[in-house]
Amino acid sequence: MDPVDPNQEPWNHPGSQPRTACNNCYCKKCCYHCQLCFLKKGLGIYYGRKKRRQRRGTPKSLQDHQTLIPKQPLSRTSGDPTGPEK
């Protein structure tokens with residue numbers, strides 16, 4: 001292991017920063033890209049603000065789909081389903 005310059009900050013030590021930038025890919029290689037990627041992607045730990053998800057309102061065309069279906073009366077047959085015998 002190479003000696004580390006004590007006058008240099010730890011985040012500037014050689015090998016402390018990955019050569020490539022972090023991305024949004026969740027493959028195994030990208031999950032182990034750096035410590036931050038491992039925490040965020042591999043373990044699912046996010047520090048910071050949580051984005052507030054807005055509920056999607058139903059479009060008017062979907063709200064009216066219940067009124068388009070006519071209600072059919074239920075046929076209540078008792079006895080022989082072939083019809084009344086005389």
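Just so you know, the numbers here start at 1 and follow the chain as drawn.
A Cβ is built for glycine as well, from the same backbone N, Cα and C atoms used for every other residue.
As annotated by Swiss-Prot, region 'Interaction with human CREBBP' applies to 1-24, with the evidence given as sequence analysis. Here Swiss-Prot flags 1-48 as region 'Transactivation'. Under the heading region 'Cysteine-rich', Swiss-Prot lists 22-37. The N6-acetyllysine feature in Swiss-Prot is assigned to K28, K50, K51; the stated evidence is sequence analysis. The region 'Core' annotation in Swiss-Prot covers 38-48. Look at Swiss-Prot and you will find 48-86 tagged as region 'Disordered'. Annotation source Swiss-Prot lists compositional bias 'Basic residues' at 48-58. According to Swiss-Prot, the region 'Interaction with the host capping enzyme RNGTT' annotation covers 49-86, on the basis of sequence analysis. Per Swiss-Prot, asymmetric dimethylarginine is recorded for R52, R53, and the stated evidence type is sequence analysis.
Sequence-distant neighbours of the region 'Core' (38-48) (same chain, 6+ residues past either end, Cβ-Cβ under 8 Å): 26, 30-32. R52 (asymmetric dimethylarginine) sits 28 Å from K28 (N6-acetyllysine), taking the Cα positions as reference.
Helix, strand and coil counts from DSSP across the region 'Interaction with human CREBBP' (1-24) read 3 helix, 0 strand, 21 coil. Under DSSP, K28 (N6-acetyllysine) is assigned to a helix (H, G or I) in the three-state scheme. When the compositional bias 'Basic residues' (48-58) is classified with DSSP, helix, strand and coil residues number 0 helix, 0 strand, 11 coil. K28 (N6-acetyllysine) sits 28 Å from R53 (asymmetric dimethylarginine), taking the C-alpha atoms as the reference points.
Mean pLDDT across the region 'Transactivation' (1-48) comes to 81 in this model.
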